[in-house]
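See below for the structure under consideration.
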Amino acid sequence: MALCLGIFVIWVGVSMFLQLDPVIGDEQLSEDYFILPKEMEDIASGAETKDMKCVFPFTYKGIKFFSCTSRDSIFLWCSLSADYTGRWKYCTKTDYAKCVFPFIYGNKSYQTCTKTGSVTKRSWCSLSPNFDEDRAWKYC
(Lines of atoms letter the chains of each structure in order from A and count residues from 1; the text may use other names and numbers.)
(Lines give C-alpha, C1' and ligand atoms only; values in the text may rest on other atoms or scores of the structure.)
Protein backbone atom coordinates (compact mmCIF):
# COMPACT_ATOMS: atom_id res chain seq x y z
CA MET A 1 0.00 0.00 0.00
CA ALA A 2 2.79 2.42 0.93
CA LEU A 3 4.57 1.73 -2.37
CA CYS A 4 1.39 2.49 -4.35
CA LEU A 5 0.89 5.72 -2.39
CA GLY A 6 4.51 6.72 -3.00
CA ILE A 7 4.21 6.11 -6.75
CA PHE A 8 0.95 8.08 -6.84
CA VAL A 9 2.55 11.06 -5.03
CA ILE A 10 5.48 11.04 -7.47
CA TRP A 11 3.10 10.83 -10.44
CA VAL A 12 1.02 13.77 -9.12
CA GLY A 13 4.16 15.85 -8.53
CA VAL A 14 5.54 15.19 -12.00
CA SER A 15 2.14 15.84 -13.60
CA MET A 16 1.82 19.20 -11.86
CA PHE A 17 5.39 20.19 -12.80
CA LEU A 18 4.87 19.32 -16.46
CA GLN A 19 1.84 21.62 -16.75
CA LEU A 20 4.14 24.64 -17.14
CA ASP A 21 5.61 25.18 -20.60
CA PRO A 22 9.28 26.09 -20.07
CA VAL A 23 10.47 29.24 -21.82
CA ILE A 24 13.46 31.50 -21.64
CA GLY A 25 12.31 34.96 -22.60
CA ASP A 26 10.29 34.58 -25.78
CA GLU A 27 12.02 31.35 -26.82
CA GLN A 28 9.91 28.21 -26.37
CA LEU A 29 12.03 25.33 -25.10
CA SER A 30 11.79 21.83 -26.47
CA GLU A 31 10.15 19.16 -24.31
CA ASP A 32 13.46 17.47 -23.56
CA TYR A 33 15.11 20.68 -22.35
CA PHE A 34 15.12 21.03 -18.56
CA ILE A 35 16.83 23.72 -16.47
CA LEU A 36 17.63 22.99 -12.86
CA PRO A 37 17.60 26.04 -10.54
CA LYS A 38 21.41 25.82 -9.99
CA GLU A 39 22.01 26.03 -13.75
CA MET A 40 19.46 28.82 -14.10
CA GLU A 41 21.42 30.90 -11.56
CA ASP A 42 24.33 31.22 -13.97
CA ILE A 43 22.11 31.98 -16.97
CA ALA A 44 20.01 34.54 -15.13
CA SER A 45 23.01 36.53 -13.89
CA GLY A 46 24.23 37.55 -17.35
CA ALA A 47 23.54 40.71 -19.34
CA GLU A 48 21.50 38.77 -21.89
CA THR A 49 18.71 38.28 -19.36
CA LYS A 50 17.87 41.93 -18.70
CA ASP A 51 14.37 41.40 -20.11
CA MET A 52 13.83 38.30 -17.98
CA LYS A 53 12.72 40.07 -14.81
CA CYS A 54 10.10 38.65 -12.50
CA VAL A 55 6.98 40.81 -12.34
CA PHE A 56 5.40 41.23 -8.91
CA PRO A 57 2.61 40.98 -8.25
CA PHE A 58 1.52 38.60 -10.99
CA THR A 59 -1.76 36.74 -11.45
CA TYR A 60 -1.72 33.02 -12.19
CA LYS A 61 -4.95 30.99 -12.42
CA GLY A 62 -6.85 33.82 -10.71
CA ILE A 63 -4.47 34.05 -7.73
CA LYS A 64 -2.27 37.10 -7.13
CA PHE A 65 1.34 36.27 -6.17
CA PHE A 66 3.65 38.83 -4.56
CA SER A 67 6.72 36.59 -4.61
CA CYS A 68 8.06 33.48 -6.32
CA THR A 69 5.77 30.48 -6.06
CA SER A 70 5.94 26.72 -6.37
CA ARG A 71 2.31 26.55 -7.51
CA ASP A 72 2.04 23.76 -10.15
CA SER A 73 5.80 23.17 -9.95
CA ILE A 74 8.40 21.57 -7.68
CA PHE A 75 10.70 24.60 -7.99
CA LEU A 76 10.04 28.26 -7.25
CA TRP A 77 9.16 30.28 -10.36
CA CYS A 78 7.74 33.65 -11.36
CA SER A 79 5.83 35.15 -14.25
CA LEU A 80 7.47 37.53 -16.70
CA SER A 81 4.21 39.48 -17.03
CA ALA A 82 1.62 40.86 -14.60
CA ASP A 83 -1.01 38.47 -15.96
CA TYR A 84 0.57 35.08 -16.59
CA THR A 85 0.62 34.44 -20.35
CA GLY A 86 2.90 31.41 -20.44
CA ARG A 87 6.17 33.31 -20.09
CA TRP A 88 7.95 32.40 -16.85
CA LYS A 89 11.32 31.45 -15.36
CA TYR A 90 12.74 29.71 -12.33
CA CYS A 91 13.59 32.12 -9.51
CA THR A 92 17.18 32.85 -8.61
CA LYS A 93 18.58 34.69 -5.58
CA THR A 94 17.95 38.07 -7.19
CA ASP A 95 14.36 37.39 -8.27
CA TYR A 96 12.54 37.35 -4.98
CA ALA A 97 10.12 40.18 -4.25
CA LYS A 98 11.52 43.32 -2.65
CA CYS A 99 10.07 45.26 0.26
CA VAL A 100 7.74 48.09 -0.76
CA PHE A 101 8.18 51.41 1.10
CA PRO A 102 6.19 53.15 2.27
CA PHE A 103 3.54 50.58 3.13
CA ILE A 104 0.34 50.70 5.16
CA TYR A 105 -0.10 48.40 8.17
CA GLY A 106 -2.88 48.95 10.68
CA ASN A 107 -3.80 52.21 8.91
CA LYS A 108 -0.30 53.53 9.67
CA SER A 109 2.42 54.27 7.12
CA TYR A 110 5.85 52.61 7.55
CA GLN A 111 9.01 53.81 5.80
CA THR A 112 11.25 50.96 7.02
CA CYS A 113 10.96 47.40 8.27
CA THR A 114 9.01 47.04 11.50
CA LYS A 115 8.60 44.60 14.37
CA THR A 116 5.06 45.81 15.04
CA GLY A 117 2.66 42.88 14.98
CA SER A 118 5.47 40.31 14.75
CA VAL A 119 4.94 37.35 17.09
CA THR A 120 8.62 36.41 16.76
CA LYS A 121 9.78 40.03 17.20
CA ARG A 122 11.63 39.85 13.87
CA SER A 123 11.55 42.81 11.50
CA TRP A 124 9.29 42.44 8.50
CA CYS A 125 8.03 44.48 5.55
CA SER A 126 5.13 44.46 3.14
CA LEU A 127 5.45 43.25 -0.45
CA SER A 128 2.68 45.62 -1.52
CA PRO A 129 1.89 49.27 -0.77
CA ASN A 130 -1.02 48.22 1.47
CA PHE A 131 -0.45 45.25 3.75
CA ASP A 132 -3.95 45.67 5.23
CA GLU A 133 -5.47 44.79 1.83
CA ASP A 134 -2.97 42.27 0.39
CA ARG A 135 -1.46 40.57 3.46
CA ALA A 136 1.76 39.96 1.51
CA TRP A 137 4.96 40.23 3.57
CA LYS A 138 8.44 38.86 4.23
CA TYR A 139 11.09 39.07 6.93
CA CYS A 140 13.72 41.76 6.43
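Backbone N, Cα and C define each Cβ position, glycine as well.
It should be emphasised that the depicted structure is a prediction, and the values quoted were computed from it without experimental measurement.
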Check your understanding: Can you tell which of Cys78, Cys91, Cys113, Cys125 is bonded to Cys99 by a disulfide, based on TrEMBL?
Key -> Cys125
Revision key, fill the gap. The correct DSSP tally for the domain 'Fibronectin type-II' (49-93) reads 1 helix, 14 strand, 30 coil
Practice item. Find, for the listed disulfide-bonded residues Cys99, Cys125, the residue with the lowest Cβ contact count at a 10 Å cut-off, counting only other Cβ atoms. Key: Cys99
Review point. What same-chain residues, at least 6 away in sequence, bring their CB to under 8 Å of the CB of Cys113 (disulfide bond)?
Key: Cys99, Ser123, Trp124, Cys125, Cys140
Review point. By DSSP, how many residues in the domain 'Fibronectin type-II' (94-140) are helix, how many strand, and how many coil?
Key: 4 helix, 14 strand, 29 coil
